[in-house]
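Undergrad: One structure is given below, represented as structure tokens, and several questions about it will come after.
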Amino acid sequence: MHDIKAIRDNPTAFDDAYTRRGLAPIAQSLIDKDDARRKAILASEQAQARRNAASKEIGDAKKAKDNVRAEALMAEVAELKTTMPALDAAVKDADAALKKALSEIPNLPLADVPEGKDEHDNEVRSHYGVKRSYAFTPKPHYELGEALKQMDFEAAAKLSGARFVVLKKGLARLERAIGQFFLDVHTEEHGYTEVNPPLLVRDEAMFGTAQLPKFEDDQFFVGNGNNVRRLQQEMRATIEADDVKNIPDMFVPKSKYDRLLENYLRLETEQIALELTRRWLIPTAEVPLTNLVRESILDEKELPLRMTALTQCFRAEAGAAGRDTRGMIRQHQFTKVELVSVTTPEQSKDEHERMLSCAEEVLRRLELHYRVMTLCTGDMGFASQKTYDIEVWMPGQGEGGAYREISSCSVCGDFQARRMDARSRGPDGKPRFVHTLNGSGTAVGRALIAVIENYQQEDGSIAVPTVLQRYMGGLKVISNG
């Protein structure tokens, strides 16, 4: 979320950075919405001030036994009481319109981010290692996994539909080993604190990290049908009894509860009940980890705060129709180790480089060839100021192999912190917004693919990387045995 005051102070600078993403200038539109909000606030405050003044004048008129003036003032106060709810509503509507507009605007790229339209304009920052050579034609992971009878897409489709997989035996254990290895390195050597967060979160958490409202179609949400129906019945009963203040506060925080009550006359009970009971499946552990500091004021002596989690992640992949339809590259459910850092503004640049090096290190120990890309302005994520992608070499992809993304490391500045109201207090005692960073450390499912394809043997077996063998009970080769 952007600061409207900063936009007002320098709209040209805002638009100069914003248009680097290939978007049209927007500062004046935001200023117009803020002007409308200020105008509505002024009208409401003037009406309230006049009501207060008139109420006082009524007492003065009565003391002076000026009944005519007292009656005129009482009539004025009565009229103000009638008009003020509409003025208050106008303030709320104008404030909501500005907040909605600001919430749908992406972060501004840093000055050193290369300009470009899409992934073809990303810049190679570095390489590590070399591509492996084979005396045979490497196969894709799904052919190897199915031949081993340890990767079953058909069974997964019967259970859940497309873009799911069932892993068995050695490959299931290998995926678990990769995740545990990543987690151990990050916690024991890189200074991250392990967190086991919920996989279901509220709207507020998804808004805080900027998945909502812009990317709702890419998410999975769940709602308990029985709770919805029960809550509907209780709502209707209290509405009929003209006692809406006693609607049960079952699942919702006070701030949201009050807002919903205000909208009773405009919304159907079914819609409200669903909103009260729904939760979102996390698309990444970035969401719960980053939101752990929501509505907090941290001591800057404790920063940077580094957290990591190994979780399942869920994505609808609404924009991926027809892409990567075979194999495990693009799944609705996948495992990932996430890295999150919360820093001061002065620390965030160095922390970004450090986070990238942590993600690189686990791939180096797996002896996988990869390259690091600096994403251009047209390919950056919504909340990012600057992003590095790590693309690992997968010899079984396409004709002759391909680089595929396995990690994204992004610095977000105070963009998410403003949405979450996450601040820190320094030596001067004044609170200020923190900076947030997130990165994959790395995607476990894609790391599994990379290991399968890079460590495949001519007979279809998979050699287990040395660093993973202790997690596999000493197993050195996964075969169909």
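Cβ coordinates come from backbone N, Cα and C, glycine included.
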Undergrad: Out of E338, E346, E351, which is the one Swiss-Prot records at the L-serine site of T284, A285, E286, S440?
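TA: It is E338, as the record lists it for that site.
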Undergrad: By CA-CA distance, flag whichever of T284, A285, E286, E338 among the binding-site residues is nearest to A316 (ATP binding site).
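TA: Checking each of T284, A285, E286, E338 against A316 (ATP binding site), the shortest Cα distance is to T284.
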Undergrad: Please identify, among the binding-site residues A285, E286, E338, S440, the one with the smallest Cα-Cα distance to S408 (ATP binding site).
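TA: In terms of Cα distance, S408 (ATP binding site) lies closest to S440.
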Undergrad: Hey, of R315, E317, E405, I406, S407, which of those binding-site residues are within 10 Å of T284 (L-serine binding site), Cα to Cα?
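TA: Hits: R315.
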Undergrad: Reduce the DSSP letter at A285 (L-serine binding site) to three states and note it down.
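TA: It is coil.
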Undergrad: Nearest to E286 (L-serine binding site) in three-dimensional space, by Cα, is which of the binding-site residues R315, E317, E405?
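TA: So, spelling it out, the nearest of the binding-site residues is R315.
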